[in-house]
Every structure is written in structure tokens, then in C-alpha cells.
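Student: Here it is, the structure in full.
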């Protein structure tokens, strides 16, 4: 049995690793399902993605030409055809179950058949450093709002409203929590251990962040200091700003950790400071890939800062030079045209412009 859920709220076989296996930190496996109804355009679309830690390893899309579970990581591609056939059938059963649930939910909320609605689920397990279940999850959301969730005890449910209480009574009558608990404590943990072993070069690596602090003047009186962490894995990281040793949490702008597109992550934290007091502020960073926490501060550049008015003046000069260049080119064209070579100058100008553009693009790509 498999289960899943949202942020606003998807494996039978033994893992082959002993319970004595240990890791430096905890690990997780999550399945995220989304079913979206689309009245007048066929059956609801169902998409499921699976993650081990921060790495996607499987995907299913009911709208695919040939819907099947698709590997998204090299270490799961080694699973045989029986595995993929079995997983595909589970996805298809889950898709059908979600279609029924969408119809039921529309009735619970007394909604018409005309609108589109969304059902999301997340399920999975966390594995502790001792190789045992740390926590299990099964949560659902409807139209972007929390609906029902399995509690941490893995024995009871929390319903968000009276409609969800209908579902809760059905789940309790079916003793669904017991089945989920067996899955989370057994199958989920066993497969997570297996994936961690098969993909250990990727999943159990720790890449430290590349760090620096940038300075962005806002006015004569204030500036923004931004502390950057780039190219790190896993995604869990802590960034904080301090002023004279005191946390500036309330005054810090902190973005969500973002994927970099190459399997690593990036994040930054920013704080607005009075000009001239930058050295009183320090950025503090903690990550699994660091031997010890880092403390960073802004290092003023040895190059002079160009004031805004200077930049504007420089741009104005460039514009004037560009205009003068165009005038000179036009005059040269007229002279050549008077000598019976009218088209060649225009063609040459286009050719030179194109070559310059190509070189620029090549440089950017490199």
C-alpha cells in the first residue's frame, strides 16, 4: 500500500540493509500526488513525484502518451521491469482512487460539476541516524487548503473541517491508520534504506556552500548586505545575521532554499544596515558540509565605488558616441554610394553587426 500529500497543502521487497546501518543524519522519502479535475475535458489529470531527501527519483503523469512510472535518478534505473510494472499499476490505482475522491469531495462541499478542483497528498517516512523510523507522514489538501492528516502517533487523524470529518469516519471504520502505520514502519523504511545504499554516492554526499557577502547601496544613509550560500547539498542550511553578536531575525529577509538546477541548492539572507556600520554585522552559516559554522562579513572592495550620477553621466556619453558613430557611418555610406557602390556599405554594416552579436552569444554561453 502506498500513500501521499501537499504543501498547502505518493514498494514491496526487502531493503537488504540491516537495522544496525547508521547514517550521519536523518533521511526522508516523500511522494507528492496531485489530481486535478477538468470538467468537459476528460478524466482528472494525476501526477505523482517521489523524492529521497532533496532528489527526485520517480515521476508518473496520467497525461503521458504511455503512462508509466519513470525513473528520474540513475540509482533507480537499475530496478528491473517487474519493479516498474508493479509501480505503474500502483500509480494507476491511486489515480483512479483520487478521481473517486474528487467526486466525493465535490459533494461534501456542495460544489457544482462545472469548476476545476485539486486534491493533493503527501506521504512518506523519515529515517533516523540509527536506521529506524523517525516519523511517518500522510497528509491531504483540497483546493489548496489542509483537509485531513495522519497524526504523529500514526494511530489517529486530524480533520480540518466538517467535510473532512466524513472522510475521517470512513478511514477509522476501515482501520486505515493501522495499514498506513504498517507501511510507514515497514515497506517505506525498507525501500528508503535500499535507495540510500544504491544511491549513496549522490544521496549521502555533503557539498559545502560557496559563500560571499555582497553590498548594495540604497541611499546615502542605508545599504543592503546580502549573505549568499551557493552550490550546497543537502538542502538543509541555516543563515542568520547578527549585529554586535545579537541576532537580527526580525530584520532579516530570508528566501526559501532554491534548487540550482545541477542537483545543488542556493539561498541568501539580507539585512538593511546604516551606511558606515557594515562591519558591525556578521552572517552566520551552518551546513552539514561545513566542518564548523562559518562567520562572514562584508569586505569592502579595493576598487572605488562609482556613484549613481557618474553611471548616468557615463551612459549619456555612450549614447552621444553611438549617435556620432551612426552619423559618421551614414556619411561614409553616402560617399560610397556616390561612387556607384550603394548597397555594399549597408550589407557590410549588417554583416559586422551580426558577427559581433554571434561573438557575444558565444561568450555568454561559454
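Note that Cβ sites are derived from N, Cα and C of the backbone, with glycine treated the same way.
I grabbed these lines from Swiss-Prot:
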type	residues	note
BINDING	87, 94, 101, 183, 195	peptide antigen binding site
DISULFID	125-188	disulfide bond
DISULFID	227-283	disulfide bond
DOMAIN	209-297	domain 'Ig-like C1-type'
CARBOHYD	110	N-linked glycosylation site
MOD_RES	357	phosphoserine
MOD_RES	360	phosphoserine
REGION	299-308	region 'Connecting peptide'
SIGNAL	1-24	signal peptide
TOPO_DOM	25-308	topological domain 'Extracellular'
Student: Could you find out if DSSP has residue 125 (disulfide bond) as helix, strand or coil?
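Tutor: The residue in question, residue 125 (disulfide bond), is strand (DSSP, three-state).
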Student: Around the Cβ of residue 227 (disulfide bond), how many other Cβ atoms lie within 10 Å? Please give the count over every shown protein chain.
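Tutor: Result for residue 227 (disulfide bond): 27 neighbouring Cβ atoms inside 10 Å.
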Student: Rounding to the nearest whole angstrom, report the longest C-alpha distance spanning 87, 94, 101, 183, 195, listed for peptide antigen.
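Tutor: Those residues reach a largest Cα separation of 31 Å.
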Student: Roughly how many Å separate the Cα of residue 125 (disulfide bond) from that of the residue listed as 'N-linked glycosylation site', to the nearest whole number?
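Tutor: A Cα-Cα distance of 34 Å.
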Student: So, in DSSP terms, is residue 94 (peptide antigen binding site) helix, strand, or coil?
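Tutor: SS state of residue 94 (peptide antigen binding site) = helix.
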Student: Should residue 283 (disulfide bond) be counted as helix, strand, or coil on the basis of DSSP?
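Tutor: In three-state terms, residue 283 (disulfide bond) counts as strand.
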Student: Could you say which of the binding-site residues 183, 195 has its Cβ with the most other Cβ atoms inside 10 Å?
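Tutor: For the binding-site residues 183, 195, the Cβ with the most other Cβ atoms within 10 Å is 195.
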Student: Look up residue 188 (disulfide bond) in the DSSP assignment and report helix, strand or coil.
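Tutor: Reduced to three states, the DSSP call for residue 188 (disulfide bond) is helix.
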Student: Take the C-alpha atoms of the residue listed as 'N-linked glycosylation site' and residue 195 (peptide antigen binding site) and report the distance between them in angstrom, rounded.
Tutor: 43
Student: Pop the mean pLDDT for the domain 'Ig-like C1-type' (209-297) in here, whole number is fine.
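Tutor: PLDDT averaged over the stretch: 96.
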Student: Enter the number of other CB atoms within 10 angstroms of the CB of residue 125 (disulfide bond).
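Tutor: Cβ-Cβ neighbours of residue 125 (disulfide bond) within 10 Å number 24.
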Student: For residue 94 (peptide antigen binding site) and residue 188 (disulfide bond), determine the Cα separation and express it in whole Å.
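Tutor: For residue 94 (peptide antigen binding site) versus residue 188 (disulfide bond), the Cα atoms are 17 Å apart.
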